[in-house]
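What TrEMBL says about this one:
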type	residues	note
REPEAT	1-33	repeat 'PPR'
REPEAT	34-68	repeat 'PPR'
REPEAT	69-103	repeat 'PPR'
REPEAT	104-138	repeat 'PPR'
REPEAT	139-173	repeat 'PPR'
Amino acid sequence: ITYNCMIHGFCNYGKWSDAVRFMHDMIKREISPNVVTFSALINAFVKEGKFTKAEKLLNEMLCRGIFPDTVTYNSMIGGFCKHNRLDDAKRLFVLMASKGCSPDVVTFNTLIDGCCRANRIDDGMELLREMSRRGLVADTVSYTTLVHGFCQVGDLNAAEDLFQEMSSHGVCPDILTYNIMLDGL
């Protein structure tokens, strides 16, 4: 636990090289890193845009028989989306499911946002539908992100239709949703 706290602290302050050194020290002392250890490091690398290092750690996790959790995958997917690497994010999304790790609403919302940033609104809509097929309930963020995406590409009819769908599914629009709709008019 102490090692994980130190590693997490180093990662929070952007001192990922110290965090890596601590992990190697753990391993030398025959203390096995766990999903928390790896997730903290992966998140630190993703924040720094060091995706090669993050992917290397993800592969090391898998080789050690440590299975990444939803938080680990969400961190990587979020980083890929923020750096306009949507195809890499989607590839990881597929890997996540193939490894038996269930995506959650955050996973889907992150990918939907990535699709909208890349003007791939139809892909975002498909993700919204897939959420439902998987038994997940879309939330205000899910719908608002897509409404904003449609407004950004000038498809106000689709934005309005989705706004209506949102309400009919019992999802309450928030102030951001209303502002986006008003700005779109």
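Cβ coordinates come from backbone N, Cα and C, glycine included.
What TrEMBL says about a protein is an automatic prediction, not a curated fact.
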The repeat 'PPR' (69-103): DSSP-derived helix, strand, coil residue counts: 26 helix, 0 strand, 9 coil
Contacting positions for the repeat 'PPR' (34-68) when only residues 6+ beyond its ends and CB under 8 Å are counted: 3-4, 7-8, 10-11, 14, 16, 19-20, 23, 26, 75-76, 78-80, 83, 85, 88, 96, 99-101
